[in-house]
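Colleague: The following block contains the structure, expressed as structure tokens.
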Ligand code: SF4
């Protein structure tokens, strides 16, 4: 197929001006510009981590037309469910939950065991696929934009996260309003604004996911070392942020 006939390239060139329209120095400005530039449904997927809580704060307090959703894997920490409730009460808004397909969970646990992810990478990927990736697909179905809490300095896989980019795999514009924030800057903003955060952050958990796959950090360890710590670094992502050919996120900065 000639390049000019490629649906993927045509789509990417069409969305160039939209991607460029996502801009701003502040989180609120970036989110508002995304709402203005992207025509269609915008979805923010929150894990209720500290970055996501800061974004949730701005979406809810600015009353932006962005759906706030979370993927309840069924294996989250009790502290995360408490924070979920606290956040809904604080902002008097509901965070919509997407759940894994019950039959798929039954089949996956039947094959690998309830904690099979500790014993085989394939089991871990299968569990993340059933509990996270498939529900994410449903959450983003029909969306034109996807807001995430990714920061460029979180790990080697995320080192070139831009403010906005065309996600060819999902056919939408992906927006990361905290792409240039440090962990300390996010924490300072949450403190300043009184944003509720997970109690586990103060107990050595900078990155919080499912309870069996997240541990506290030892002194000097990088931020995401506590996630799937029994695997090597280049395979450790959950599969939510992949390129069209299944590679981990390594996009060029556009802002
Ligand atoms: S993080 Fe662990 S428990 Fe959660 S979906 Fe992935 S493998 Fe399963």
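Cβ atoms here come from the backbone N, Cα and C positions, even for glycine.
All annotation found in TrEMBL is predicted automatically rather than curated by experts.
Pasting the feature list from TrEMBL:
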type     : residues           : note
ACT_SITE : 238                : active site, nucleophile
BINDING  : 127, 128, 210, 213 : [4Fe-4S] cluster binding site
DOMAIN   : 42-216             : domain 'Phosphoadenosine phosphosulphate reductase'
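Please go over these features one by one and say how buried each is and what sits next to it.
Modeller: The Cβ of residue 127 ([4Fe-4S] cluster binding site) has 108, 112, 116, 117 as same-chain neighbours under 8 Å, each 6 or more residues away in sequence. Secondary structure from DSSP puts residue 127 ([4Fe-4S] cluster binding site) in a helix.
Across the residues of the domain 'Phosphoadenosine phosphosulphate reductase' (42-216), the predicted structure has a mean pLDDT of 95.
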Colleague: Helix, strand or coil at residue 213 ([4Fe-4S] cluster binding site), per DSSP?
Modeller: helix
